[in-house]
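Enquirer: Right, I'll just put the structure down here and ask away after.
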Amino acid sequence: MSNSIKVVCRFRPQNRIENEQGAQPVVKFEADDTCALDSNGAAGSFTFDRVFGMSSRQKDIFDFSIKPTVDDILNGYNGTVFAYGQTGAGKSYTMMGTNLDNDDGRGVIPRIVEQIFASILSSPGTIEYTVRVSYMEIYMERIRDLLQPQNDNLPIHEEKNRGVYVKGLLEVYVSSVQEVYEVLKRGGDARVVASTNMNAESSRSHSIFVITITQKNVETGSAKSGQLFLVDLAGSEKVGKTGASGQTLEEAKKINKSLSALGMVINNLTDGKSSHIPYRDSKLTRILQESLGGNSRTTLIINCSPSSYNAEETLSTLRFGMRAKAIKNKAKVNAELSPAELKALLRKAQSQVTTFETYVSTLEGEVQLWRKGESVPKEQWAPPLAGVSGAKAAAAQTPRPSTPSRLATESRAETPVAERSATPGIPIDKDEREEFLRRENELQDQITEKETQIAAAEKTLRDTKEELTYLKERDTKVNKDNEKLTSEANEFKMQLERLAFESKEAQITMDSLKEANAELTAELDELKQQLLNVKMSAKESTAALDEKEKRKAEKMAQMMAGFDLGGDVFSENEATIKKVIDHIDSLHEQSSAGEAIPPDEFEELKAKLVETQGIVRQAELSMFGSSSNDANVKRREELEQRLQVLEQEYEDLLERNLGEGDVAEIKERLEKAYSNNQDIKVELVEDLKKEVAQKSAEIEKFKAVNEDLQQRVKSGSASNGTAPGSASGKTVQQQIAEFDVMKKSLMRDLQNRCERVVELEISLDETREQYNNVLRSSNNRAQQKKMAFLERNLEQLTHVQRQLVEQNGSLKKEVAIAERKLIARNERIQSLESLLQDSQEKLTTASHRYGFPLYFRIDFNHTSIALLTFPLDSKPNCQQ
């Protein structure tokens, strides 16, 4: 039964991308089976079995295009439904839909499944059905089982009984619609999809869902089977629009290549001239070999875009559909006859054989007569075999039952040349063909195995390359880290050695500092002892000072007692003078009253004045007789000499106990103090001289006043009754008051001078005592000078000897330190030389290994050695 491929065209509405581009629909629907494309670069009218517009429903597509195909499958025919079109044209939507549970959104495949099980449920009970399904995809020209995704490179085989099939493909027996849906979901989840600029979920492979239905009549034993291929082709892609790159670009190349092979097969099937159909150029065309010009009833759904944005792709799709519509298939029922039918056919064949044998014998006799040259009358000719002609006609009109085979040779032998292109003209025997198919299957298995091995090897190679790249990067990083760590280790090693060397030097310096510390400790102990001695001396000096103050107090008391300046005596003298003054006043009043003054009164007044004069003279003698100027000068000189001796002794003591810097500082301070003391003493002596002169003048003045008073008394007594005026009395009283004030001032000065005199006497006594001690210790002044000279020489020699000893000790210490530093430096040089030698050996090894010189690091090592070494004559920075 010859039939053409049914071609159905479906247009989808414009999508978001086309609207954003400002495109407009360019398709017109002239009739239910005709559409016209009107665009600048593409135009034409196309006629198909049916054309569905942009508002068509899924149910409309199924009812017209697919429902008869389901009935054919149940009658034992093979069927194929596949969708073709550019990417994003709606192929997957047409085949699968959006939702299996939504009646409006379900696609062709779910509706076919529902129709199959509905037909099975409505069939007679004498027929048994078996339904099995399989799901595969062709991704990157490799057949992958979607129900077992680990099987990603299955081979294609061809056998006499089974035809073309995929070896190793999992077939699942199903008994309900839901089980088929589960298989569809399971396979759909494993299918490869990706996002492009044309489609958010673009199929990157051709998917093929196969439904095989086997039915058997339990009463007659007859059986027949049908196989339905539901193909969702990946869309053709234009890279400029999809923006494919990387892996997506490689997938697009493989998709376009397989679609080009499909187009070549269709072209060769429809041109009527090709002697070879290139089914084996692509695995897609190889699997669909029976669907394209073989034992199958095929429906092609072409999906198109109505937009001007994709006008060129739409034109190409419509032309593809027109070419496919010209393909003629010869479908036949895949049936197995029952034993009764086979017996009837056998009896019929045997009767035909008997008839044919009789007819052949008649024809052979007639032929022999003709060969002998005899003529056979026309009425004796063998008549045509009417039964044979009728049988041939009946056989031609009735489809002959056969085994379920889709072998290409049988279908092609029965297909007229006008309907499809011829197969290769080389005749092949049945045995040779079976051997050829067997050999082809073996080679196909080997090819598949080799492809699997190649794929595994390529994967291993990629993994190895990635691992090698990673290892190279890691090795480079490790080498850099190793070099860095090596340089750091060398640096740390050099720093460690430098620190060890510095530690040795520090130890040497520490030893020298310890020795210096010991010496300073000894000197400190000595100074402490000297300080203790000085404190003891200070205590003795304090005691001596207390004794001195005591003696001073005693001498002051003794001296003041000599002056008879006690309170009682002084009061009596004052009373005497006051009585004299009162007596003079009374005489003055008596004289003023005009009374006569007795001479006895004048004698008594004269005696009292003489007594007063004696008291004044006694005070003058006590003050000036005990301390003359010469004695004071002599005593001052002795005290100054004694002070110089004490200062010299003190300086000697400081020189023995202090260093040169301290001695110089103390000398400077003493010189300043001595000069200040000298200046103070000179000023004090000058002040004393001035005061003595002043007091002498005052005494002379008092003498003059006293003489004046005596003269007045005498003159008063001579006048005997002549009273002086009131002014004279007042003058005498004023003079007496002034005398009283002067007397008090003189007494204060006298007491101060007595204190100074006592101090000088005490100092003089101490100086005399020391002088006597010195005289007792030395026979004469010459011997004393000689001893002083010898002592100074001895001190100088001792000082020089001490300096020499100190210099010798310091030099010995410096020599020892220098020797230890020299030993440490030699060890350091030896270690650096060994390090340099090791570095040179390592650099030589690395140079031979990597093929490039590394001598610049030797310069670095030399530079490091030069930086780490320093002159041998450097002295330690320590205090000797």
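Glycine is treated like the rest: Cβ placed from N, Cα and C.
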Enquirer: In Swiss-Prot, which of the ranges 349-387, 388-426, 466-504, 778-816 has the region 'Disordered' annotation?
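Expert: Per Swiss-Prot, the stretch marked region 'Disordered' is 388-426.
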Enquirer: Far apart in sequence but close in space: which same-chain residues, 6 or more away, have a Cβ under 8 Å from Lys91 (ATP binding site)?
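Expert: Result: Ala83, Tyr84, Gly85, Ser203, Asp232, Leu233, Gly235, Ile301, Asn303.
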Enquirer: Tell me the Cβ neighbour count for Gly235 (ATP binding site), meaning other Cβ atoms within 10 Å of its Cβ, over all protein chains shown.
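Expert: Step by step: centre on the Cβ of Gly235 (ATP binding site), count other Cβ atoms within 10 Å, giving 29.
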Enquirer: Tell me the Cβ neighbour count for Gly85 (ATP binding site), meaning other Cβ atoms within 10 Å of its Cβ, over all protein chains shown.
Expert: 28
Enquirer: Could you check what DSSP calls Gly85 (ATP binding site) once collapsed to helix, strand or coil?
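Expert: The three-state answer is strand.
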